[in-house]
Each structure stands twice: as C-alpha cells, then as structure tokens.
Amino acid sequence: MQEKTVGNHSYTDFILIGFPGFSEYKPYLFIPFFLMFLVAVVGNSVIIFVIKTQTSLHSPMYFLIFAIAIVDLSAPITFVPNMFLNLVLNLNGISLCGCLVQMFFVHLISTFESTILMMMALDRYVAICNPLRYNDYMNSSTFCKLSVAFLIRSGLLISAIVILAGSLSFCFSNVIEHFYCEHMALVGLACGETTKNSIMGLLTIFCIPGIDLLCICYSYINIFCAVLKSASGKARQKAVHTCGTHLIVILVTYLLSLCSYLAYRIRNSMSPDVHILISILYLLFPCCFNPIIYGVRTKEIREHILKMVKGKKIDPENIKVASITR
C-alpha cells in the first residue's frame, strides 16, 4: 500500500474509514443514507423533468431552479456510490489519483450550489428593484456569460487545490477518516509543509462562497429596502413570498457549510463520527431538501407535478408564471 521515495516513504493508496466508532453497525447506516440518496435522485429528476417539458416554466427563475436541481443530482453521484460500497461490502480502498479526481469533482460541484444561489439572488434583485429592465439584464446571453465566468473561477481554484494536494508526500498514515477524499482530511496526512494548501483553501473559501454570500446579502438588503418602501400591502406580501423559498434554501446551505467549516477548526474536541456526519450532511442534505422545498413552495412547479401525478393535461393559461407562493 505504499511507495518508497528518497529519504522516506509516501503512500499512494489510501483507506477510507467512515464512522470508526460504529464499525459494527455500518450495514445499518446504509439505510438512512440510501433513503436520502433516493429522495435526492427522484426529487431532482422530477424537478428537472417538469421544468424541461413545460414551456410555461422556461423563464430565468425556473432556469436557475433547473440548474440547482442538476447540481443536486450530480453532487451525490461523486461520492455516495463509494460510500455505499464502504458501508455494505467494506470496500474502502482508493488510489491517490482516484482520491484527487474525486476531490476535484466533489468540491467543484459543491461550489456551483453557492454560485447558483447567488445568481438567484441577483435575479430576484432585478425583478423586484428594477422590473422594467428585467428582460434586458436577465436573459440567456447574460446567464451564459456568467456561467462561463463562474465555471472558470471555480475550475481554476479547485484545480489549484488538487494540484497542491497531489504534490504532497503522505508519510504519516494512509487512513482517511472519511467516506470520500475531502481536501483537509487528505492534507492532514501529509508530512512536511502544508501552509500553501491552507492558504489556497482559505482563498478558495473567500473567492467562491465568501464573495457569493456578499452578493446575496447586498441583493436582499436592497430587496427588503424596496419592499419596505412599497405602499401596497399586496406587493409587499408577494415579494416576501417570492423570496421566502430562496431564503430558506440559502439558510440551510450556508448553515451546513458553516458547520462543516467549524468542524475542522474544532476537530480535536469533536469525535470523528460527528465530524464525518456533519461533512456528509453538508453535501447530501441540501440535495434531498432543495427539490422538496421547491416542489412544495413553488406554486407553478407544485401544480405541474400534481397534474402530472393525476394524469391530467396542463393548461398553461391557468398558470401564472414567475410567482412563488407558500
């Protein structure tokens, strides 16, 4: 399981150990995680199918919901199958190359969640604060340019993290206390200087979720200022309903992200099992929560799903596009 280098040794194969304190009960832990994975796959697939097939939902707001459903469908696929093999069959080996590839896709896809939430906030900001220019600003050309820019941003930063991690020598141990190759979990096994890795990790946190969160806060501060200045009680209520679903998703996503970040800062005073659980929920819970909250609270999607389940034909004229209600 190891390869000799000049002066010491460096592991090139690793063992993923999830929930070391519950090794006897691993097969039973498969059940709740499988149910979450099933909800994520089915829920996001339904959201994607409904938005793609219903032309009345082909608008910027629903395009962003479609995008976040794609991300939430893709994210579990990067690590959950390996986790299930670990839990059920105890297949927990992974090469350094495989570990770095998994790390790249796990972190790359997870950053898209934050970016799409930021784009949703900007969409609501323009729709409420500058509705007359909405079609000028929020169109396919704008989304394509922003998507390419954010993809390059995330791709470059995550690539730098993975390249720096791959250049390290791992001589302390080849046991990763996790179900997937998380950046800090792998770097923690390295011998030698890892300051560059820590700095790059912090830089990535600031440049992606940090900047995204600042844009989200800016958008919603302006939205609520505009709502408070509105003389119409109905307009105020509609704006609150419109943004309510988005705010719930933002709160859940960033709260779990903060918990995961803090777990690494206080890991010495936290059991490995709790730390692993927080890291898994950070990636998996939003994937099964988001389609439920969008399916329940978004009136147009909810009505399309109900009519699809009942086998009724949907009349687009009866659906008022771009209004979200409870």
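Including glycine, each Cβ sits where the backbone N, Cα and C put it.
Remember, TrEMBL labels are computer predictions, not curated facts.
Within the chain, the transmembrane segment (29-51) has long-range Cβ neighbours (under 8 A, six or more residues past its boundaries) at 19, 22, 57-58, 62-63, 65-66, 69-70, 72-73, 76, 80, 83-84, 87-88, 280, 284-285, 287-288, 290-292, 294-295, 301, 304-305, 308. The transmembrane segment feature in TrEMBL is assigned to 29-51 (among others).
Feature annotation from TrEMBL assigns domain 'G-protein coupled receptors family 1 profile' to 43-294.
Annotation comment: TrEMBL describes 63-84 (among others) as transmembrane segment. Remote same-chain partners of the transmembrane segment (63-84), defined as residues 6 or more beyond its termini with a Cβ less than 8 Å from a stretch Cβ, comprise 16, 18, 30, 33-34, 37, 40-41, 44-45, 47-48, 51-52, 94, 102, 105-106, 109-110, 112-113, 116-117, 119-120, 123, 143, 179-180, 249, 280, 283-284, 286-288, 290-291, 294, 298, 301.
The annotation transmembrane segment is assigned in TrEMBL to 104-122 (among others). Under 8 Å from some Cβ of the transmembrane segment (104-122) lie the Cβ atoms of residues 61, 64, 67-68, 71-72, 74-75, 78-79, 143, 146, 150, 154-155, 158-159, 161-162, 180-183, 208-209, 212-213, 215-216, 219-220, 246, 249-250, 253-254, 257, 283, 286, all in the same chain and six or more residues away from its ends.
Residues annotated as transmembrane segment in TrEMBL: 143-165 (among others).
Per TrEMBL, the feature transmembrane segment maps to 202-228 (among others). For the transmembrane segment (202-228), the residues of the chain that approach it from at least six positions outside its boundaries are 111, 114-115, 117-118, 121-122, 124-125, 128-129, 153-154, 157-158, 160-161, 235-236, 239-240, 243, 247, 250, 254, 257, 261, judged by C-beta separation under 8 angstroms.
Long-range Cβ contacts of the transmembrane segment (240-264) within its own chain (Cβ-Cβ under 8 Å, at least 6 residues beyond either end) map to 68, 113-114, 117, 120-121, 124, 127-128, 184, 205, 209, 213, 216, 220, 223, 227, 270, 274-275, 278-279, 281-282, 285-286, 289-290, 293-294, 297-298, 323-326. If you look up TrEMBL, you'll see 240-264 (among others) marked as transmembrane segment.
The transmembrane segment annotation in TrEMBL covers 276-296 (among others).
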